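*Asks:* Sharing the record's features from Swiss-Prot:
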TOPO_DOM  22-526  topological domain 'Lumenal'
REPEAT    60-81  repeat 'LRR 1'
REPEAT    84-105  repeat 'LRR 2'
REPEAT    108-129  repeat 'LRR 3'
REPEAT    132-153  repeat 'LRR 4'
REPEAT    156-177  repeat 'LRR 5'
CARBOHYD  Asn156  N-linked glycosylation site
DOMAIN    201-253  domain 'LRRCT'
DOMAIN    266-335  domain 'Ig-like C2-type'
CARBOHYD  Asn296  N-linked glycosylation site
DOMAIN    430-518  domain 'Fibronectin type-III'
CARBOHYD  Asn455  N-linked glycosylation site
TOPO_DOM  548-623  topological domain 'Cytoplasmic'
REPEAT    571-594  repeat 'LRR 6'
Amino acid sequence: MRVALGMLWLLALAWPPQARGFCPSQCSCSLHIMGDGSKARTVVCNDPDMTLPPASIPPDTSRLRLERTAIRRVPGEAFRPLGRLEQLWLPYNALSELNALMLRGLRRLRELRLPGNRLAAFPWAALRDAPKLRLLDLQANRLSAVPAEAARFLENLTFLDLSSNQLMRLPQELIVSWAHLETGIFPPGHHPRRVLGLQDNPWACDCRLYDLVHLLDGWAPNLAFIETELRCASPRSLAGVAFSQLELRKCQGPELHPGVASIRSLLGGTALLRCGATGVPGPEMSWRRANGRPLNGTVHQEVSSDGTSWTLLGLPAVSHLDSGDYICQAKNFLGASETVISLIVTEPPTSTEHSGSPGALWARTGGGGEAAAYNNKLVARHVPQIPKPAVLATGPSVPSTKEELTLEHFQMDALGELSDGRAGPSEARMVRSVKVVGDTYHSVSLVWKAPQAKNTTAFSVLYAVFGQHSMRRVIVQPGKTRVTITGLLPKTKYVACVCVQGLVPRKEQCVIFSTNEVVDAENTQQLINVVVISVAIVIALPLTLLVCCSALQKRCRKCFNKDSTEATVTYVNLERLGYSEDGLEELSRHSVSEADRLLSARSSVDFQAFGVKGGRRINEYFC
């Protein structure tokens, strides 16, 4: 017994002091001899019931593997006593958070592997405590973003695996650092290689991935990717498309297009404010008033074929309260840009010059030599409003973005042709029979005929208050010969002309109307219809009642007479049966009424079809 105890004591004394009682009970420890003769201890803990890292890890451990456990978090400075630790592997645990001090004291750490956990965030600043770290494996976690400041903590890495996370994009600072790798710290003739794992992430393919796509195309020769066939997950139109097939544009801040700074509109009319901007991605457009009042209109958004984003603010029936500055804003993630458009609401001018002759129906002279006239030999032509006197163009006029257009008058010859000879007779007379078919106090519908027009022929409708020089233009889509003009003033006389776009309207292509005449006529017609229907009802109703009463009275009399006949016993004269030529007895041809029927058990009606019985003539009479 004493000998056995002595042997055990000797064995205990001979055991290395580093391993004496240091290996945790839930782990396994092993000692390896390295090539240089040094010893390296490896500790492996894979108990599924382990919830925290063990506290009694040997301080000479160089490799620590805590895998497939129930560890959810790592306390701060949990590994600080392990000053010789070079590899820290924590794969396939339940880690959901890491302490920013978890790497404190690990100056020799070269590998940090955390795949298969539940990390939604990573303490990037903790990498400062591990200056020799070269490998960081964060595969199969729940990272949704990498902050821009993380780029300066990842400069020394040669292997970074961010695959199978929830990354949609990477910060520009990180991509730039990868694209400009320095080679000074590497031996001459050796180029640094950085291995990146970015596959299996839901990438949002927009301009922010422009530089990353170029990296995959071999733009940075010092980079190597675990998987180069990255694919888009959004937007839906690009889902599943490989990066190699993308044609992305560089991001660009919003830039507003210069436009009109001030717009004038008549009181009660419709004002249209337009604003356009370019940017990558396309900017979001919005309107607001400079004085903070709410907008009294509708906003429409559209994107033109060249990628310009347009926003249109329509203000119907403007009043003086709508006057003021309107701010158009274009915004994307790179910034915002604004412009101010002023709206001035003016009173509609009234005509003060009148004359009884047809030649002075409509005349007004504007500033700067602009004028408009309407008579038997003058027609209106519209050109964009300019400060100098307007002159006739030799080619088709270019449509202006302004709504208000001025009129220029010119003389027509006896044949009704245009004096400038710009359009042929067939083109000038293409529009015929301009009529007003519908009218309200604020709108009017015009129709016309254009039998020679083609499907591509576009028409323009010009209208203005009768006596004013300022006209508005409505562009009609090709193929249509009807248009409705809205935003008119009630009880106001207007003139409207229809012509082929780019041509001068002729006198017979214009029509003068008032916004109250047709409405009043329609109201009168409706009143006449109501009166006619009322008179018809008054006349027809008594006649209908009279006919019904007469029919009911006749019915009642018939029923009363029938009852009286059956209840009263009367004597009747009997009709004598006549003889036919064939020897048969027949009833006489006289009609037998209800009063002539005989009251008896055997009615004479039974024998009205009388006949021969037993070969003898039978004459029967009943009383």
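Note that Cβ sites are derived from N, Cα and C of the backbone, with glycine treated the same way.
Can you tell me where each of these features sits in this structure?
*Replies:* Distant neighbours of the repeat 'LRR 1' (60-81): 18, 29, 39-53, 87-106; these residues of the same chain sit at least 6 beyond its ends, with a Cβ under 8 Å from one of its Cβ atoms.
When Cβ-Cβ distances below 8 Å are used as the criterion, the repeat 'LRR 2' (84-105) is approached by residues 59-78, 111-123, 125-127, 129-130 of the same chain, each at least six residues removed from its ends.
Predicted-model confidence for the repeat 'LRR 3' (108-129) is 96, expressed as mean pLDDT.
Tertiary proximity for the repeat 'LRR 4' (132-153) is limited to same-chain residues at least six positions away from its ends with a CB under 8 Å from its CB atoms, namely 107-122, 124-125, 159-168, 170-174, 176-177, 197.
Through the fold, the repeat 'LRR 5' (156-177) approaches residues 115, 131-148, 150, 192-204, 206, 208-209, 211-212, 215, 226-227, 233-234 of its own chain, all at least 6 residues removed from its boundaries and within a Cβ separation under 8 Å.
In the three-state DSSP scheme, Asn156 (N-linked glycosylation site) is classed as coil. Around Asn156 (N-linked glycosylation site), the same-chain residues at least 6 positions away in sequence with a Cβ under 8 Å from its Cβ are Pro131, Lys132, Leu133, Arg134.
All chains included, 14 other C-beta atoms sit within 10 angstroms of the C-beta of Asn296 (N-linked glycosylation site).
Residues within less than 8 Å, Cβ to Cβ, of Asn455 (N-linked glycosylation site) and separated from it by at least 6 positions along the same chain comprise Pro478, Gly479.
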*Asks:* For the domain 'LRRCT' (201-253), jot down how many residues DSSP puts in helix, in strand and in coil.
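*Replies:* Final tally across the stretch: 16 helix, 12 strand, 25 coil.
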*Asks:* For the repeat 'LRR 3' (108-129), what does DSSP give as the number of helix, strand and coil residues?
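*Replies:* Secondary-structure composition of the repeat 'LRR 3' (108-129): 6 helix, 3 strand, 13 coil.
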